[in-house]
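Notes to accompany the following structure.
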């Protein structure tokens, strides 16, 4: 016999629901519905974040791949000019040519690599930190010599930044009010720069997550160093020191007040905090500090040879990506071609010969004097200039890093004090006087940043060409008080 069927009315169903969960006409309880909606929103946010990460990773991978391919090509052809700088100029020219032939294709290319450019812009200054961290190892001279060298660098920047800015301003075309407004407007529909702005506005940087990762990896690395050693300990130490560097950079941006950042740039905060983390880890594991510091950046090592090498490796793709930033301001760059030419040529001549005069007047030792001549040139070409002048390449690179650090820290303060607000002049002044580090300091000024990039590249190329001319090289050596071959 069939079992009796129980008839359950809607009224009885409602009676089983607790009184604190109100329902409407048999619908789900309100708090349960809200919980499900929250979960759906969270899942949607996770899917969006995952898709964004995938797109950014693919875009960044394309930029890195292009940089590696170009570097390999330059090595095969024995071309000594830095491949990232050449790639930046080739990329800018290629995009401009593509825009003329097929605007739709140029837009697709630019949009495809825009997320990677935005990521690089967000973290650009961080990639210069390793050279600053190891300064205590490479800068070895007496306090008196160091003070005189610092005076040359500071005095040079105090002259070269205003000089480049004022020359650029004087050479700018006389703009109407409408043109001036356009010069200060956002970048011309450039996904690369707009993506960077979106990224910066989206995020509060995950400082807590980075601190947690750094702390956890540090504890694990110390434990592994004491108990296990070997590859495991080295890998954990790598992760710990890398996250410490990132943490110091983010803290310099988010924790240090904005007013204080005008004097203490996040690069300085990051460098000091990384040195502190290195000292603490060395003490906790019983290692001498200086040998341990040498392991932070292995000269000539592969990308994963040390934490500093991985960050330094990203400078190549970063320099290459500047071509996209320049493409976004191509019209204003064309209108400002006189200012660009005048500022870069003036900066190159003043940087070389002004430094030679200052070094001779302050009686810097001849090796230091010669190494300082290329202080305003980005490191790869500064090393080539040092070789042409029979100077110490490693000392030249160290002086370049010091110049860039001081330019990044005080350059914008100088420009603000002089009331230089034209993006073209601000960018050119920082790029020509502070090379890559000065350019990175301008990443937050979207209109000025492309001009800093082109100023850095053209100043470096012009300086190298000048020193390569035998007559100019002999004159430069004579002004510096060095023996003329």
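Glycine residues also receive a Cβ, built from the backbone N, Cα and C atoms like all the rest.
Within the chain carrying the transmembrane segment (49-70), a Cβ under 8 angstroms from the stretch's Cβ atoms is held by residues 83-84, 86-87, 112-120, 316-317, 320-321, all 6 or more beyond its ends. What TrEMBL lists as transmembrane segment is 49-70 (among others).
What TrEMBL lists as transmembrane segment is 82-101 (among others).
Marked as transmembrane segment by TrEMBL: 113-137 (among others). With a threshold of 8 Å between CB atoms, the same-chain residues lying at least 6 positions outside the transmembrane segment (113-137) that come near it are 52, 55-56, 59-63, 190-196, 198-200, 245-246, 249, 265-267, 270-271, 274-275, 278, 290, 293-294, 296-297, 307-309, 311-312, 314-315, 317-318, 321, 324-325, 379, 397-398, 401-402, 404-405, 408, 436-437, 440-441, 443, 449.
Beyond the ends of the transmembrane segment (149-172), by six or more residues, the same chain brings 141, 336, 338-343, 346-347, 350-351, 354-355, 358-359, 362, 364, 368, 372, 375-376, 399, 402-403, 406-407, 410-411, 414-415, 418, 420, 422, 424-426, 428-430, 432-434, 455 to within a C-beta distance below 8 angstroms of the stretch. Residues or ranges marked as transmembrane segment in TrEMBL: 149-172 (among others).
The annotation transmembrane segment is assigned in TrEMBL to 227-251 (among others).
The transmembrane segment annotation in TrEMBL covers 263-284 (among others).
For 304-327 (among others), the entry in TrEMBL reads transmembrane segment.
TrEMBL lists 339-362 (among others) with the feature transmembrane segment.
Annotation source TrEMBL lists transmembrane segment at 395-415 (among others).
Residues annotated as transmembrane segment in TrEMBL: 427-443 (among others). Counting residues 6+ beyond its ends, the transmembrane segment (427-443) has Cβ neighbours under 8 Å at 121, 124-125, 127-128, 157, 160-162, 164-165, 168, 196, 265, 267, 315, 319, 322, 339-340, 343-344, 347-348, 351, 376-379, 400-401, 403-409, 411-412, 415, 420, 449-460 in the same chain.
For 449-469 (among others), the entry in TrEMBL reads transmembrane segment.
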Next on the checklist: Under 8 angstroms, Cβ to Cβ: which one of 82-101, 263-284, 304-327, 339-362, 449-469 has the largest number of such pairs with the transmembrane segment (395-415)?
Outcome noted: 263-284
Item to check | Distal contacts, the transmembrane segment (263-284) - CB-CB under 8 A, six or more residues away | outcome: 125-126, 128-129, 132-133, 136, 214, 218, 221-222, 237, 240-241, 244-245, 247-249, 251-253, 256, 292-293, 296, 405, 408-410, 413, 437, 441
Checklist outcome for this item: Long-range Cβ contacts under 8 Å made by the transmembrane segment (339-362), restricted to residues 6 or more beyond its ends, are 148, 151-152, 155-156, 159-160, 163-165, 167-172, 333, 368-369, 372-377, 424-425, 428-429, 432-433, 451, 454-455, 458-459, 462-463, 466-467, 476, 479-481
Next on the checklist: Six or more residues beyond either end and a Cβ under 8 Å away: which residues meet both conditions relative to the transmembrane segment (82-101)?
Outcome noted: 66-67, 70-71, 73-74, 109-110, 315-324, 326-327, 330, 378, 380-381, 453, 457, 460-461
Item to check | Contacting positions for the transmembrane segment (227-251) when only residues 6+ beyond its ends and CB under 8 Å are counted | outcome: 123, 125-126, 129-130, 133, 205-207, 210-211, 213-214, 217-218, 220-221, 266-267, 269-274, 277-278, 281, 296, 304, 306-308, 310-311
